[in-house]
Structure formats: structure tokens, C-alpha cells
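K.L.:
Here's a structure for you.
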Amino acid sequence: MSIDDQNMPTFQKLYESAPSSRQVAKFVTAATLGATLLFLSALTLTGTVLALIIATPLIVIFSPVLVPAGITTLLVVTGFLVSGGCAVAGITALSWMYNYVQGKHPVGADQLDYARNKLASTARDVTEKAKEYGHYVQHKAQEVTHGQGY
């Protein structure tokens, strides 16, 4: 048995476990892209910090104007967003009602029908109990009036 025969399985294992050229290309591409993006991130951070250092005196000088302007802008944007949201909700509700009236069975129609039927049956029950109680009170009133001899 020679030295080459003993080392053969080791070289074969190394050859089989070596990454393919496709894996190497993926790694190199990812590393290059990652390094480039990391460099751009650092450059952007540096620029932002320098701009903040330069702009800080101007922000301090103009803050009596900028703060109310920022608050006003925030309120106006919030108002527009709320108004748009309410408009979208209203249009959605009108569309749902139109589809429901047309019999197209929109989402949630089953729950609405169940609630309507439950409310109607409860209203019928209350009406019946009120009629029964009305008859009972009328009967008692007649007994009281007949008992006194009127």
C-alpha cells in the first residue's frame, strides 16, 4: 500500500466538498453588492450628519417660524388623510349597500340577515308580551271597577 493510496480518499473528500463555481459566483456577487451597499450607507450617514451640523444654527434661528409651520403642515396633512379615509369608507359602505339591495350577497350579508331576523323576532316577542300585559291590566281594571259597583 503506497502513500498515494492512503491519501486518495482525503483528496476525493476535499474535491467533493469544494464549492461549485456557481456557488463561488453567488458568494462573490453577494459580497460585492453587500460591501457596496454598506459603503453607500456609511456615505449617506456621513452626509446626513454633516448636513445636520451645518443646518443646526439655521434651525435654531428659524425655529419660531418652523415649529408652527411644521405643526400646521402636520394638521393639514392629517385632515386630508382623515377626510380621504372617511370618503373611502363612505364609498365602500354605499357600494356594499347597493350590492346588498341588488341581491349580490356581499361579504357580511349573512350576519346582517341573522341580526335583522333576531331583532324582528325579539320585537315580535316584546309586542306579544306587551299585548298580554295590556290585556292583564285591562282585566284587572275591570275587576276593580266591577268590584266597587260602578
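Numbering starts at 1 and runs along the chain as displayed.
Cβ atoms here come from the backbone N, Cα and C positions, even for glycine.
Caution: TrEMBL annotation is automatic and unverified by curators.
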K.L.:
With TrEMBL as the source, identify the stretch among 24-48, 74-98 annotated transmembrane segment.
P.N.:
74-98
K.L.:
Could you give the residue numbers and ranges of same-chain residues that sit at least 6 residues beyond the transmembrane segment (74-98) on either side and whose C-beta is under 8 angstroms from one of its C-beta atoms?
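P.N.:
Non-local partners: 106-108.
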